[in-house]
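Working notes, structure below.
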């Protein structure tokens, strides 16, 4: 009669091996730990129902065979065994042979624990031994399980890239067919897509807040909010501005920047250094950012007479809040801030990033 083996889930630290044996109602298991093997026998409820279970494993390296070095904990739904390694090290696998039995699984929930029994301190094994974790996970699951945050960021950046590529394609195709006659209808055809993509960009302000990306919140907030102000307040709210040629050029500049920026972020998530993409990301801003700021300034400048005529967004006294706001005056002040301090701040920030990202690599060679 063949005695079945229970499902066993293993994890490790540099000093211990932990086994979670998936059996219920175990009373007195028979566990024997040798120099480089472990044997287990007991009766319990597992995948084959209530019966006797046993397994024997030849371990990858030596462990401490003494009873004091092995800890056994019996729970209602499992048995936990912690074995001390003879020498601190990270094993590439649990078994001596590369082939492992089908009932032996990896316990990914405990993979980051530095000490399975006593220590609560956490260490990131994926950073210390990146290849080891990936190899074991791929061997166990048949594929490399991606982190949720990484998958989300890839999907977000890919969506934005496709969106801005769509905007550029629509503008380009219409211009190829109608030439300059297509300029006046640019906002009518791609305005809804631009508004949706711009609203999605506010997620980039929240990403560093939630720890999804590195960096601060202030810079992305100022950049996204400034563009949203131009798009929603200056263009969307004034129909006469929507037909101006400056909107055509502004949308081209915005989209050109983004179809490089988002693929660069995807490459960074996978730690792929594509030099041409990096160079474009930290070089295209030199001509495009000043041109974009100039177009935004033209939009504001052209809108001042319209807002003086319509008094849109202007709050006059008397009112119940005892508050007054004159939109044309605000636009004049905003125009001064955008043209001088705003441009200097953005260009200085990008110059610092370019200096860091594109600095020449120093290669030190040993003299023979």
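Yeah, the Cβs are placed from backbone N, Cα and C, and that goes for glycine too.
No curator has checked TrEMBL annotations; they are predicted automatically.
These numbers come from a predicted model, not from an experiment.
Features of the protein shown, as given by TrEMBL:
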- 3-95: domain 'CS' (DOMAIN)
- 151-173: transmembrane segment (TRANSMEM)
- 217-235: transmembrane segment (TRANSMEM)
- 247-267: transmembrane segment (TRANSMEM)
- 279-301: transmembrane segment (TRANSMEM)
- 321-347: transmembrane segment (TRANSMEM)
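Counted with DSSP, the domain 'CS' (3-95) comes out as 3 helix, 51 strand, 39 coil. Note on the domain 'CS' (3-95): mean pLDDT across this stretch is 87.
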